[in-house]
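The feature domain 'BAAT/Acyl-CoA thioester hydrolase C-terminal' is assigned by TrEMBL to 131-339. Residues or ranges marked as active site, charge relay system by TrEMBL: Ser159, Asp251, His286.
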Amino acid sequence: MGLLWSMRPVPGSREGLRLRKLNVCIPQLVNISVYSGHVGVGFREQDPLASVLTERWYMAPGVRRIDIKEKGVRGTLFIPHGPGPFPGLLDMWGGGGGLLEYRAALLASHGYASMALEYFNPAEVNTAELELNYFETAFNIVRDHPQVMSDRVGLFGLSLGSIVSISLAAWSSVVKPRCCVCISGNHTHARGGTIGDVFNEFITNVHKVRMDENNYEIWRGMGLPIPDDISQKVDVGKINCPILLVNGDDDQNWPTVESAEDMAQMMRAAGNEHLLTRLEYPDAGHLIEPPYSPHFRATKFLKDGQKVILLWGGTTKPHSDAQEDSWKKILAFLQQNMYSSSGPRAKL
């Protein structure tokens, strides 16, 4: 699989590109070719010595894709093959916004009815006004589906999606998740407000943004130091379900490892640290995706209507190793806490 996770944009491509699968109903086609004396440039003018076309599928045979547009919620629900019922997941991506389906499709292929939730679009002002009740409604749509086990619905988030997941698990009187998987998230924002308010909290520290030698923006300083004031953080001591935190030690976008350590201290003081599992990977960055996804250390991001390039961090080989290892452990965590006949357990 190294042929896939080590892929790079074609030399001369626009800066800051990121490869993501948009239409999960068709495979991702990858041409693998061998060239004589290939050194990275000029090879497209040659005839390959050998070529093969491979297909990468994100939906297993029999998985059903259902568009969701009800009660003001937008998303896509993927139902695994078989009679069901299945455990359910609400899947939320980060601040880049839009509707991304490939992780939910993969999760459904592993036996979880998963809804990819569209909740933030930088181009739409109204999405910044979303409050927690939007996510509570989305959670209930998954929970109430006839092929979902209503008492076994979890939360899965990356970056901003993890912030939402942690907030719901701690504060919502409606959402009672079976477990939570939070990748590159944090707990440092005040209770209440909207998605836009979360970004406004970031903006107050915009003076802490640094630029690297390539003029890429480094945001992690905006989250430091971790506040001592409990009113400026999610009260994770109130979380009563197993939660898995997955972070990279080279995260240049946010101090997620420091946030995870503070969460652990808060949960230890509250007596619920037994529900917490932490995975931390050296030389891995912010964008820990499903396995074999190409690593992109820096990509374009829409900030205040302007495209900038954010530094996410990570080094290709260890970051790719982290994606592979964390995915296996995420699936094991879900299996243990969503399919087990006993009560929820935290540790892998």
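Cβ coordinates come from backbone N, Cα and C, glycine included.
Of all Cβ atoms in the shown protein chains, 26 besides its own fall within 10 Å of the Cβ of His286 (active site, charge relay system). In sequence order, Ser184, Arg220, Val257, Ala284, Gly285, His286, Trp312, Gly313, Gly314 make up the list of same-chain residues 6 or more apart from Asp251 (active site, charge relay system) whose Cβ falls under 8 Å from its Cβ. Around the Cβ of Ser159 (active site, charge relay system), the number of neighbouring Cβ atoms within 10 Å comes to 25. When pLDDT values are averaged over the domain 'BAAT/Acyl-CoA thioester hydrolase C-terminal' (131-339), the model yields 94.
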